[in-house]
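As written in TrEMBL, here are the features:
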REGION    42-94  region 'Disordered'
REGION    153-176  region 'Disordered'
DOMAIN    273-358  domain 'Carbohydrate binding module family 25'
COILED    364-415  coiled coil
DOMAIN    448-539  domain 'Carbohydrate binding module family 25'
COILED    549-586  coiled coil
DOMAIN    610-699  domain 'Carbohydrate binding module family 25'
Amino acid sequence: MEVSLQLTRPVWCSNVCSDTPNLNNAVSTVSPLLFCYNFSRKRNGKASNPRPRGSTSKRFSRKPQTRTSNQTKSQKGDDKREGSGTPLSNEYARHNVKAIKLNVDSDEETTVEITQATTAEEGPGMDDIVETVKTISHVGKLTKSTENGRISTVDEGSNESANEKQTAKSGVSAAAVDIGGRESKKLGVEIDGLEHTECANIDDDVKRNAVKLESAEGKKDLGSAGGKEDDYSLQAKLEMEVKSREQALQRLSGVNFSLGNKMFCYPEEVKPGQTIEVFLNKSLSTLNSESDLIIMGAFNDWRWKSFTLNLNKTRLNGDWWSCQVHVPKEAYKMDFVFFNGKDVYDNNDKKDYCIPIIGGIDVLEFEEFLLEEKRRELEKHAKEQAEKERHANELKRIEAEKEAREADRAQAKGEAERRREMLQGVIKKAVTSVHNLWFIEPREFSGGDIIKLYYNRSSGPLANAKQIWIHGGYNNWKDGLSIVARLDSSEIKDGDWWHTNVVVPDRALVLDWVFADGPPQHALIYDNNHRHDFHAIVPARGPEDKYWIEEEHEIYKKLQEERMLKEEAVREKARITARVKSETKERTMKTFLLSQKDIVYTEPLDVHAGSTVSLFYNPANTVLNGKPEIWLRCSFNRWTHRMGTLQPQKMLPAENGSHVKARVKVPLDAYMMDFVFSEREDGGVFDNKLGMDYHIPVFGGIAKEPPMHIVHIAVEMAPIAKVGGLGDVVTSLSRAVQDLNHNVDIIFPKYDCLNLSNVEEFKFHRSYFWGGTEIKVWFGKVEGLSVYFLEPQNGLFWAGCIYGCKNDGDRFGFFCHAALEYLLQSGSNPDIIHCHDWSSAPVAWLFKDHYVHYGLSKARVVFTIHNLEFGAHLIGKAMAYADKATTVSPTYSKEVSGNPAIAPHLYKFHGILNGIDPDIWDPYNDKVLPVCYTSENVVEGKRAAKEALQQKLGLKRADLPLVGIITRLTHQKGIHLIKHAIWRTLDRGGQVVLLGSAPDPRIQNDFVNMASHLHSSHNDRARLCLTYDEPLSHLIYAGADFILVPSIFEPCGLTQLTAMRYGSIPIVRKTGGLYDTVFDIDHDKERAQARGLEPNGFNFEGADPAGVDYAVNRAMSAWYEGRDWFNSLCKLVMEQDWSWNRPALDYLELYHAARKL
């Protein structure tokens, strides 16, 4: 039952009551106070204990009720309340404003308890009244305790009372503290016939007078008689005001009681930022027999600043109890109920009480406020988290530095010991002279001295040398070659003596040298003492122990310097790598946003949460072409936003041709814009992008997209078990989607030929039984991905190979069923199950036939065709059962669309390009290359790589155009075109390097013969390496100017993508993914621009020599005739992003579309 309580206008509110001539008129003027009930907040039972500090209250929740106002308690006054037109709580909002739910809340609560005075007879003094006025006007972080009463408050957000603090002034009357007039002593001032307008201004006067009184108190020490008179005057006025308020509340309570209203608030017109007093008539309430009365509430439909407060008995006539509540500035409504602290409630007949807040924000403004608060909270948390990470990283760095220094010391000590042992051996052999061969003058010398070294040329191999040089060092050549000097002929006649001056190094213990007929790098004949070198002891050398202490320290310093340089180089490389990745992702996102500009785009291009954007749509390129009107239907967060779908908006003509436009306000909690278009407001023909809908990402929002759980079921995975491109796709796609904050798992057979060296954290996980056998499950991390390896104990995967068994169909069929069974038995319920090619195609129908209704109902199946040449029957069946299907490029999807396995299912068939892994194929971090490079130094890097390739393969080291071919030698790859291209390149003066092998022995032998012929006729310009060599492939990608891919058909192709990653220009045939990724320099400018790209290579049509000649000749001419232009093209293709950044976004769109089915 709804209740409307009529209350008088507040006697202390001039702006509300100024139209009322006097106080007597005020009691007859009433207005409604909303008592509201919301069924979503139904209180049926016991209240929970007050929340601890920091708890979050999304709304007022209730336990099962033992007694309610309409069950066990008196229903006094019900007959007066029936038929009231008071709106429900959830109906309260401004006109035509839709109420919006948002699970955002404050954990702030307030607890205020006012204890009845124990000495009511004591009257207030002047100091007490001053303190009273401060208490009335202050609602904040305060705790007071007086002799006659207690007010305890805590911070909003906590139910715990603050520790009580003793007031500086004693004897404060409860009448002064309690604005409801509880247990007050009469002040002895009668104010009969007080004008209503004067009463309305009492509240402000009390505050102003309190300030004056405080000022007066500060002047007491001056001994001014006038000051004392002012004090008494202010005291009297305050006493009058307090008494007047008490009388007004007495009248107000009487009016409400006479109307049967069991509660009211003061003032009646509640505004944000006020402190109000809420009154409850206990005798009219279901709590009439309870000793404790508590109000529990919150603001704005129970979503903001919850509070729990004790009510105390007042001195108003009747059984009125009250408490004070502070109204936050963000409030538009106050919601509350009363209870006894246990299990008895007065919840306004299950409708809850509510009080409207006048003059504040509305519902929509509050929603924006909450979102802004959440944004600030997230920003603060992000800064704190960043600081924690920075601090943690600094601690790690310090610890690592400490460990590195200890390692350096240990290494220095070991190195010093090793050198000492070696030097001791040299010192033992060292002498001061050798008769008739060499000697030193003076015989006694030390470090820093200049000595004269004599050598008898005629006694050794340099007897006929025209010049004599000394190449020397010290301490067993410690610093290498450090002494170099030319000897002059000596006047000594006994032999052919030569001499030179030598400066003895300061710390030398022994000198080392050889004689030669020329300076270093130019000497041909040496006298090196029969390969033992010459060694002379330094007679006056210093203490050896001191030397080795200094030596160890020097070694330690050098090790530290070398280590720091290496670490800084690593950090710098990591910074550059991260920057390049970030820039590439930014360019890719921009390309992604521009990719559909011919149909839809926004201004600005990057949509940010909280902004207003213009949305442009071109119906001329869609099914809505020619429609007289275009209507926009828009929402956010993949149609799950709290606001739901916005009202249809008619789009207006734009200035740019056939486009129409609309303005859309993006909320702060958006992470995605979603929209479709229609011909009429009520629908008609829709453009929903063939069921995918249009989506544009929103940046900077406080909400993040919830992660999906994707499970790949596949039989190949790089690098642990790879045969073809399938293995690369499974690993790279999974990593790219995981990097977008989704959860990805892979279920994989545990072959006995797995390369477990690339599996981290490998361990036994569990086992289960299915299909008549035990299946062991192993877990490991591959390239950062969680992989579950299934090992059936029936031996199906103990065959020593991936493919090639006669029962491959049975093996993989068993694996597919076992994988689904594992998901079921492990309790996993993924959003997407992604299966690949014929080998895991059975997953599609096994899931639909056996699992979709038995525990895995949430999942949707996505099936990808990598090559239709194998297992067409199984692929066709999977197409029928899958929710969405893809192949590896848009053009290949068109080429196979007429296939009987595909044709019936074109409505769910999509072409999405593959990508390459930029961490594996990265010329800046490639250890195979002689010079690592980015697009900034591509010319230098590729030049060094070409020279290294030429040297490695024995080709002529010359600046010639070099064509690389990296392929499997099969008919699919266009082997007849490859042969022709080799000869055409040689005819144009270029060099050719081919890397690849043929599974067919006949084709392999054919290329062996060709290699033999080429190595004879063009040995300096052609090399055919008929094997597989991974490091050599990296060097070819970097060293080649062009990479040739003349495939007859190519579903996607990764070779041309890898070539561009390394700055090599692709020459390809127009087919499949080759056509989708290579845009001809001369003919494809518009096609490239439609994709947001620039032309990047050379292509040709047909499958004959003429087509190859056309492309190769243009490529060669471009290299010869415009090297600067060609170098800029190499830089351009390196900066194009052919990683999984873009394909991963396309796959996510497909996953979401599948989930909608």
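Here the Cβ of each residue, glycine as well, is placed from N, Cα and C on the backbone.
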In the same chain, residues at least 6 away from the ends of the coiled coil (549-586) whose Cβ sits under 8 Å of its Cβ atoms read 404-405, 408-409, 411-413, 415-416, 419-420, 507, 918, 922, 924-925, 932, 934, 1135, 1137, 1139, 1141
Of the residues in the domain 'Carbohydrate binding module family 25' (273-358), how many are helix, strand and coil by DSSP? 3 helix, 44 strand, 39 coil
Per DSSP, how many helix, strand and coil residues does the domain 'Carbohydrate binding module family 25' (610-699) have? 3 helix, 42 strand, 45 coil
When the domain 'Carbohydrate binding module family 25' (448-539) is classified with DSSP, how many of its residues are helical, how many are strand and how many are coil? 3 helix, 39 strand, 50 coil
